[in-house]
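Record features, source Swiss-Prot:
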- 7-217: domain 'ABC transporter 1' (DOMAIN)
- 42, 43, 44, 45, 46, 47, 48, 49: ATP 1 binding site (BINDING)
- 285-512: domain 'ABC transporter 2' (DOMAIN)
- 317, 318, 319, 320, 321, 322, 323, 324: ATP 2 binding site (BINDING)
- 522-608: region 'C-terminal domain (CTD), binds DNA' (REGION)
């Protein structure tokens with residue numbers, strides 16, 4: 001016998017809201033039962049944050065519809081930009097009604113000192129403080145708007161653990177796929193101003209959404225055919241204007257309005273492209289024995305790496321570990337205490353920075369895109385009107401003359417992308433590029449970077465983003481320890497599962513047990529260096545494996561061409577060229593097989 005349906009703890013019914021003449025919600029229904037953890041997904045500008053505010057009963061009121069909260073239920077909302085008040089973090093965390101001991105435990109879970117001043121916090125500290133306060137209040141419903149922004153990977157994992165342990169229902173807006181995959185069991189899709197519901201976690205969402213979009217596209221094609229037929233009917237003359245055909249004419253006008261609505265949504269699709277600035281040298285960056293300290297704190301010690309043309313290198317580590325510092329060291333923008341850094345030839349660097357430092361609040365969007373003045377921007381070598389280019393990044397004409405201060409976090413990020421992508425580049429550096437981006441823009445950015453034929457250095461906390469893009473990952477533990485492994489975040493953790501364990505006690509984020517009443521013990525000694533191949537050897541091993549796999553087909557094709565008895569007499573130049581290519585392919589295969597055997601033997605010896 002099926003279990004009875006539970007009454008929702010928070011619900012919306014037939015909610016409608018318009019932004020001026022533009023409808024935002026048109027009959028939205030949403031119900032959240034106790035202890036259900038769900039995500040709210042939707043494209044840029046769909047109104048996800050607005051809907052959370054309506055659910056929270058804070059700041060936005062619907063034009064019509066109902067909001068129902070279970071009697072006695074406590075709803076807590078954490079916005080994208082929480083404001084921290086009070087003298088200390090404990091003052092802030094108890095302001096919502098939590099007891100001191102509850103607030104202290106929650107702050108400790110997120111690695112925060114209750115006595116720390118509430119002023120001058122970093123973005124990550126602000127976010128952790130807001131989350132700690134929310135959990136300390138023990139809500140029945142938790143509404144989270146982009147909760148992983150500015151958090152490092154370890155703080156995100158703590159948030160995942162807190163959600164799993166909590167008895168509250170939760171509705172989450174986030175672009176972080178790995179996070180949503182781990183914490184959600186239901187998806188609400190805000191699309192076409194209504195809500196569609198999937199009673200499965202986010203891991204099932206994208207396949208489900210694609211099937212719905214395919215069905216919608218087929219329905220749109222059917223409606224277009226009907227509209228074409230009805231337009232022809234109306235064009236035949238006055239018959240279409242007679243009273244007895246008024247119903248048919250109204251239906252035609254409704255079809256036209258629906259098509260116009262669909263077209264306006266399609267126009268809200270962002271486009272991106274990037275052009276290489278020409279080929280850089282094969283060696284992009286070579287660092288040897290690099291050491292950097294700030295006072296007594298070591299960022300990196302005796303670190304060496306080589307970044308080659310086409311590499312996609314991710315940098316990960318706790319907030320404050322020195323990832324941005326290492327980027328500046330590798331680019332030669334910061335003096336080293338020891339070691340050398342050599343940059344390759346013909347480098348054109350494009351840098352999108354974490355703190356959005358390139359954006360001045362005093363200028364407008366137009367001014368930022370045209371630093372030299374005028375009404376045109378040079379895009380990949382050709383002039384383009386700034387208004388047209390801005391529209392490709394979803395900026396309206398009205399926004400062009402607005403100050404940067406009026407932009408949301410996601411809009412600021414898009415503005416930086418717009419300017420950076422206008423210039424040809426062969427070395428792109430992105431420092432936390434996924435903050436504030438919606439999933440559609442994030443997908444587009446991933447596609448762009450995957451097709452980019454230059455070199456990429458990426459600082460990110462987004463595990464899924466790293467796994468999809470990175471060819472290698474450099475991890476910093478915050479105490480000078482650095483490890484580099486092929487692949488993304490998952491590969492890093494598979495190969496170095498204990499790397500960060502010894503470091504947490506000394507980094508900016510150090511979670512503490514709720515039961516802890518004494519200071520945390522000193523961190524254990526850093527683990528011994530893993531007995532594995534060096535990064536260079538591992539990279540060469542993989543290159544050899546790839547060459548061994550593809551060479552037989554190449555050799556067979558060349559041998560087939562040479563089997564033509566008339567090739568030499570018909571085209572001696574092609575015969576010679578093919579023969580040389582065959583000799584080279586055979587020699588390369590033999591060399592790769594020899595190196596592979598040597599490296600595999602070395603790997604076995606290291607493993608003991």
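Even glycines carry a Cβ here, placed using N, Cα and C.
Listed in sequence order, 190, 191 are the same-chain residues six or more apart from residue 46 (ATP 1 binding site) with CB atoms under 8 A from its CB.
Within 8 A of the CB centroid of the ATP 1 site residues 42, 43, 44, 45, 46, 47, 48, 49, the other residues of that chain are 190, 438.
For the binding-site residues given as 45, 47, the lowest number of other CB atoms within 10 Å of the residue's CB is seen at 45. Of all the binding-site residues given, namely 42, 317, 322, the one with the smallest number of surrounding CB atoms inside 10 A is 42. All protein chains included, residue 44 (ATP 1 binding site) registers 18 other Cβ atoms within 10 Å of its own Cβ. Ranking the binding-site residues 43, 48, 323 by the number of CB atoms within 10 A of their own CB puts 323 at the top. Counting Cβ atoms from all protein chains shown, residue 319 (ATP 2 binding site) has 23 others lying within 10 Å of its own Cβ.
Packing around residue 320 (ATP 2 binding site) is summarised by its Cβ count: 20 other Cβ atoms lie within 10 angstroms of its Cβ, all protein chains included. Looking at residue 319 (ATP 2 binding site) and residue 45 (ATP 1 binding site), their Cα atoms lie 30 Å from each other.
Between the alpha carbons (Cα) of residue 317 (ATP 2 binding site) and residue 48 (ATP 1 binding site) lies a span of roughly 30 Å.
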